[in-house]
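Taken straight from TrEMBL:
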- 1-191: region 'Phosphopantothenoylcysteine decarboxylase' (REGION)
- 11-179: domain 'Flavoprotein' (DOMAIN)
- 187-400: domain 'DNA/pantothenate metabolism flavoprotein C-terminal' (DOMAIN)
- 192-402: region 'Phosphopantothenate--cysteine ligase' (REGION)
- Asp280, Lys290, Phe327, Lys345, Lys349: CTP binding site (BINDING)
Amino acid sequence: MTAWHSESGARVVLGVTGGIAAYKAVTIARQLVTAGHSVTVVPTHSALKFVGAPTWEAISRRPVEVDVFDGVSEVTHVALGQQADLVIVAPATAHFLAQYAGGQAPDLLHTTLLATTAPVLVAPAMHTEMWQHPATAANLETLRSRGVHFVGPDSGRLTGDDEGPGRLADPLEIVQRGLALLGDRPLSGKKVLISAGGTREPLDAVRYIGNRSSGAMGVALAVAARDRGAEVTLVHAPLEVSLPTGVECVAAPTAKEMHREMTGRAGGANWVLMAAAVADYTPRNAFSTKAHKDDLGDVYSPELVQNPDIAAELGKMLRDDQLLVTFSAETLSDDEELIHRARSKGEAKGADVVVANRVGPTLGFGETETAVWIIQRSGAPVLSTGSKTAVAGHLIDVLLNH
């Protein structure tokens, strides 16, 4: 083992196990190195059947460590773990999880994990049936109880024609989650207010006017800000995703309630992010009970009145030292037109940053993948694509440099 020094960045062990997603770990290694961190790749022998040692050494610029019997005099089998600031395992197979949970040490990766006191982030990847097997679930629970952190897996296309949960998380998301564990908390002491989800405007006691927003982007933003040290308040309409932990969550199902909560809390926030899809109109008179079609007739035309523009009101009330981020969802296919419309809307509302996202059948609302343009008052728009978690992390990092 060669001496492991890092002038400024962290010392990261990247463990790679023998799954088809091993090739994606090349991107993880490259991003870590580009960010200024020193990376030692520790592949299992099975992993080397997917990606060879020369690739890992070229990307990491360090020798690959594989065998516990290499560098015996330097006690490599424990030295890597002792010196590491962070350990990431991606992809992590079902076999690896079983051995890790059992405390086994069959190879250098496992001895490194047993020797380290650094944070450990594991990114599972396997077929759906293996991921959902009770044995895998038990191994995950065991490892979580020992303080191991997990990211993913995502749902999507797997090997062959299979599709479902078990796909490796986005490499950028893995890097972001890993670096968050290092204690780099640039938002420490800051308060971030975020809205999420799609409001529901009641027609009667049962029906409502709504939209297709799942709230996934707003929740991802809350997690990204939380992981960077912020005190986060999430004001949410109904969601199709789970509420995040470590965040104050405030329910606001309707536009009226969203307006009250956001304007009432914005004064104490450093950043305000309006990611919710708020209804532009609401019924003037909603029925207090279920309305029956026999009473409504063949044509039902409820009178709609305009809701307050929450983002515009926030733009007027926030101070110069506060940051306002608004979102503009459009179905436009032309990027220039999309950016122009979003920029115009942002300027009219007094936003510091506008996020323009294209929505459609396979993108945006209700989808796991997204593509957005991050538009600041000056400078060229920045395109961000990938999972909503990855894009949310990218957006928060852009805002940190705003």
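Heads up, residue numbers simply count up from 1 along the chain you see.
In case you wondered, yes, glycine gets a Cβ from its N, Cα and C as well.
Features recorded in TrEMBL, as mapped to the structure shown.
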residue : record           : Cβ neighbours (10 Å)
Asp280  : CTP binding site : 14
Lys290  : CTP binding site : 10
Phe327  : CTP binding site : 24
Lys345  : CTP binding site : 19
Lys349  : CTP binding site : 20
Within the domain 'DNA/pantothenate metabolism flavoprotein C-terminal' (187-400) only, compute the mean pLDDT.
91
Binding residues Asp280, Lys290, Phe327, Lys345, Lys349 (CTP) - maximum C-alpha distance in whole Å:
37
